[in-house]
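Q: Grabbed the feature section from Swiss-Prot, which reads as follows:
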type	residues	note
TRANSMEM	3-23	transmembrane segment
TOPO_DOM	24-46	topological domain 'Cytoplasmic'
TRANSMEM	47-67	transmembrane segment
TOPO_DOM	68-87	topological domain 'Extracellular'
TRANSMEM	88-108	transmembrane segment
TOPO_DOM	109-128	topological domain 'Cytoplasmic'
TRANSMEM	129-149	transmembrane segment
TOPO_DOM	150-185	topological domain 'Extracellular'
CARBOHYD	Asn162	N-linked glycosylation site
CARBOHYD	Asn171	N-linked glycosylation site
CARBOHYD	Asn183	N-linked glycosylation site
TRANSMEM	186-206	transmembrane segment
TOPO_DOM	207-232	topological domain 'Cytoplasmic'
TRANSMEM	233-253	transmembrane segment
TOPO_DOM	254-261	topological domain 'Extracellular'
TRANSMEM	262-282	transmembrane segment
TOPO_DOM	283-310	topological domain 'Cytoplasmic'
Amino acid sequence: MGIVIGIICAFIIIVQFIIGNVANGFIALVNIIDWVKRRKISLVDQIITALAISRIDMLCSTFLIVLITSLYPDLNTAVNMVKISNNIWIVANHFSIWLATSLSIFYFLKIANFSNYVFLCLRWRLSKVVSVTLLLSLVLLLMNILIMNMHIDTWSDGFKRNVSFGFRSKNCTRFFKLALLINTTFTCVPFTVSMVAFLLLIFSLWRHLKNMQYHAKGSRDPSTAVHIKALQMVVVFVLFYTFFFLSLAIQLWTSESLEKNNLFYVTLIITFPSVHSCMLILRNSKLRQASLLVLWWLLCRSKDIQTLVP
């Protein structure tokens, strides 16, 4: 990677890090304040708040790992450092991904309209479905950490036996590609769940519109509007999720060293938790209204400061 591209990627990472933390911090703060005032919080606000906190954790852990490995590249070959950094990122990424997936499940079960008995049972127990989904995902998290640590130990043993297993060697590139393959494989599960929920929601909207046409009713009834609004939320999520998933998959097929393109791939990966959170604010009426109030307050403050300056 050229110096200019590296500087641009580093600048984008810093900007996304700031925007992502501000957006996610704003989401968490607004929902927590509303929770304290009302002394209750809805399921969707619980998911969004937990998602915002997990994304702050992911952004901070990713930024710190990149910063430490850039300033101290020799630590990349230290087994304990590799394990710690991998485990931290795996945990942060896991909760960020699975909470986002739980949000898509929520919209599907809450908005979609099917007469299937299983679907109705899941809708009636929506809170339990989300809780069980997150609990079952912990099994995948444990498996991901165990397999990754076994892979690191295998690489470490080979590194100790043979000096050619240096960090800049082809063997080390294979190590990172295999590690990436492991993480991408575990990311396939929530990605598939989200895609299924997305497709079923589209099918539900299509059936609903077909029924409206059959009964000679307009397509702008309340149920259709709710369907479309939920579908817009899920479409934005799926688009960014697909972008995130492809950014992981592309790294497996690149022929260049992962080290050379490290900043570029980090830029792609942190786009999802940063930009999608901004879209959540714009699409959520409560968060959008709170953000407009904050912007109005900042605008008034800036005008007051300008009038005080001679």
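Heads up, the Cβ atoms here are built off N, Cα and C, so glycines get one too.
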Q: State the count of C-beta atoms found within 10 angstroms of the C-beta of Asn183 (N-linked glycosylation site), not counting that atom itself.
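A: Total other Cβ atoms inside 10 Å, all chains included: 18.
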Q: So which of 3-23, 88-108, 233-253, 262-282 is most in touch with the transmembrane segment (47-67), counting Cβ pairs under 8 Å?
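A: Selected stretch: 88-108, with the most Cβ pairs under 8 Å.
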Q: With DSSP helix as H/G/I and strand as E/B, how many residues of the topological domain 'Cytoplasmic' (24-46) fall in helix, strand and coil?
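A: When I sort the residues of the topological domain 'Cytoplasmic' (24-46) into the three classes, I find 19 helix, 0 strand, 4 coil.
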Q: Of the listed stretches (3-23, 88-108, 129-149, 186-206, 233-253), which one yields the highest count of Cβ-Cβ distances below 8 Å with the transmembrane segment (262-282)?
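A: It is 3-23 that shares the most Cβ pairs under 8 Å with the transmembrane segment (262-282).
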Q: Please report, as numbers and ranges, the same-chain residues at least 6 past the borders of the transmembrane segment (129-149) whose CB is under 8 Å from any CB of it.
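A: Distant contacts of the transmembrane segment (129-149): 43, 47, 83, 86-87, 90-91, 94, 98-99, 101-102, 105-106, 109, 122, 179, 182-183, 186, 189-190.
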Q: Go through the chain and flag residues at least 6 beyond the ends of the topological domain 'Cytoplasmic' (24-46) whose CB is under 8 A from any CB in it; none is fine as an answer.
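A: Answer is 52-53, 55-56, 59, 103, 106, 110, 126-127, 130, 273, 277, 280-281, 286-287, 290-291, 294.
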Q: Would you list the DSSP helix, strand and coil counts for the residues of the topological domain 'Cytoplasmic' (109-128)?
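A: For the topological domain 'Cytoplasmic' (109-128), the helix, strand and coil counts are 14 helix, 0 strand, 6 coil.
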Q: Determine which residues of the chain contact the transmembrane segment (3-23) at the Cβ level, with the cut-off under 8 Å and only residues 6 or more beyond its ends counted.
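A: Counting only partners 6 or more residues beyond its ends, the transmembrane segment (3-23) has Cβ contacts under 8 Å with 52, 55-56, 59-60, 63, 66, 263-264, 266-267, 270-271, 273-275, 277-278, 280-281.
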